[in-house]
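Annotated ATP binding site per Swiss-Prot: Gly37, Glu38, Asn39, Gly40, Ala41, Gly42, Lys43, Ser44, in sequence order, evidence recorded as sequence analysis. Annotated domain 'ABC transporter 1' per Swiss-Prot: 5-241, in sequence order. Under the heading domain 'ABC transporter 2', Swiss-Prot lists 252-491.
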Amino acid sequence: METLLKISGVDKSFPGVKALNNACLSVYAGRVMALMGENGAGKSTLMKVLTGIYSKDAGTIEYLNRSVNFNGPKASQEAGISIIHQELNLVGNLTIAENIFLGREFKTSWGAINWQKMHQEADKLLARLGVTHSSKQLCAELSIGEQQMVEIAKALSFESKVIIMDEPTDALTDTETEALFNVIRELKAENRGIVYISHRLKEIFQICDDVTVLRDGQFIGERIVAEITEDDLIEMMVGRRLDEQYPHLSQEKGECVLDVKNVSGSGIDDVSFKLHAGEIVGVSGLMGAGRTELGKLLYGALPKTAGKVRLKNQEIENLSPQDGLDNGIVYISEDRKGDGLVLGMSVKENMSLTSLDHFSQKGSIRHQAEKMTVDDFILMFNIKTPNRDQQVGLLSGGNQQKVAIARGLMTRPNVLILDEPTRGVDVGAKKEIYQLINEFKKEGLSILMISSDMPEVLGMSDRVLVMREGKISAEFSRKDATQEKLLAAAIGK
């Protein structure tokens with residue numbers, strides 16, 4: 001078995017945090033190596049050390065049997081190591097082809113950009129991934145899932161020997177995911193090595209040959225996937241067995257808090273449902289069914305064109321997100337970096353951004369009260385950060401999600417709308433978020449949980465609404481809901 005890449009004994013420290021402590025990873029030709037660990041385990045840091053974004057404090061990196069120390073992503077990419085990042089990194093006002101070949105445009109013999117060649121090559125890459133869009137389309141016009149496929153096409157364009165995929169399927173549909181898996185199988189057949197970073201256990205057992213686990217920055221072990229179970233893998237990741245993945249809380253629901261009647265708007269058509277105090281209603285459906293649009297419309301981020309929304313028996317009109325907040329409705333976006341967090345600001349500033357009025361007295365901010373409240377939320381949510389002043393963009397994906405949810409809760413809402421609450425979150429942090437959601441439910445909060453993860457919807461919800469083409473196509477009680485029923489309602493069978 002040929003080893004393409006071998007990382008051994010790597011250490012990396014930041015002020016107040018030892019991010020990596022004897023981290024190891026091997027990548028083999030023609031095999032897929034899963035890299036797993038809870039958020040904050042050091043996966044992203046290790047990849048940044050490999051590609052030269054961070055310098056290592058100790059350890060060795062061998063690539064194609066030579067010791068290497070890359071001075072940046074460009075150097076590692078030119079050497080044949082490509083990384084597909086978890087968060088999108090495209091220029092919205094450029095076309096798909098321009099994004100794929102940015103800085104590497106094809107030129108004619110007289111030095112002009114060869115647009116025909118560039119679009120032909122981009123279209124070939126898109127076809128390989130099963131994407132039907134023209135490469136001349138602007139990236140800003142694509143969905144998050146479609147933009148992710150462009151990122152993958154961009155990485156494939158380098159024909160690298162080692163390809164690192166960081167949560168590549170998080171925003172993909174089942175069809176897009178299967179297309180990606182087919183590409184991975186092709187890459188394996190070409191003797192390339194793949195590093196597959198994911199929190200989705202099902203995918204690890206579907207597509208990966210080997211798995212390496214990090215915990216708290218340390219190398220825990222490398223295993224052959226065919227020789228372990230999900231429970232074995234979870235125990236390696238979190239140091240304990242997780243007998244119950246979805247800790248559903250059974251309790252009597254309270255009064256009707258949100259009453260939505262015949263609402264239409266951007267991507268929404270004649271939607272009606274009720275949401276009670278202390279109840280979790282899941283919203284399921286395929287990508288493009290209108291789930292996110294429903295959440296944003298109720299919050300005030302998208303316009304309502306028809307219908308009525310009543311909150312605690314009072315009709316409300318949320319013409320803007322500020323109206324939504326004022327009326328006690330909070331929306332936590334699926335795109336935490338696009339719609340949610342301000343990455344250059346601190347944990348404290350992000351968390352208290354929408355609730356500064358709670359800390360105001362006679363026109364000035366009570367900073368001590370703000371700091372104490374933020375510290376309480378950091379403790380309650382188990383947010384892994386050196387301190388409240390840490391830049392939120394430096395936190396792991398799961399900890400960023402916790403900050404986003406904490407910010408929403410700090411406004412003391414009546415209704416919490418969670419859009420893909422565990423997107424990009426590992427299995428251990430997922431359970432922490434589920435337990436937090438249960439605490440909110442116990443306190444009487446009304447929760448609308450939008451998710452493409454059917455087991456999550458089935459595991460946590462008291463009722464499930466299924467959306468298709470902007471309408472609610474079905475509603476199921478917890479005891480009647482099954483994955484088969486949800487899928488049938490989502491596709492119109």
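Indices start at 1 and increase along the chain as displayed.
Glycine too: its Cβ is placed from the backbone N, Cα and C atoms.
Other C-beta atoms found within 10 angstroms of the C-beta of Ala41 (ATP binding site) number 29, with every protein chain shown included. Within the same chain, residues at least six positions away from Gly40 (ATP binding site) with a Cβ under 8 Å of its Cβ are Asp216, Lys384, Ser396, Gly398, Asn399.
When each of the binding-site residues Gly37, Gly42 is scored by how many other Cβ atoms sit within 10 Å of its Cβ, Gly42 comes out lowest. Within 10 Å of the Cβ of Lys43 (ATP binding site) there are 30 other Cβ atoms, across all protein chains.
The average pLDDT computed for the domain 'ABC transporter 1' (5-241) is 90. Counting only same-chain residues at least 6 apart in sequence, those with a Cβ under 8 Å from the Cβ of Ser44 (ATP binding site) are Gln86, Asp166, Ser396, Gly397. All protein chains included, Glu38 (ATP binding site) registers 25 other Cβ atoms within 10 Å of its own Cβ.
Ala41 (ATP binding site) falls outside any helix or strand according to DSSP and counts as coil.
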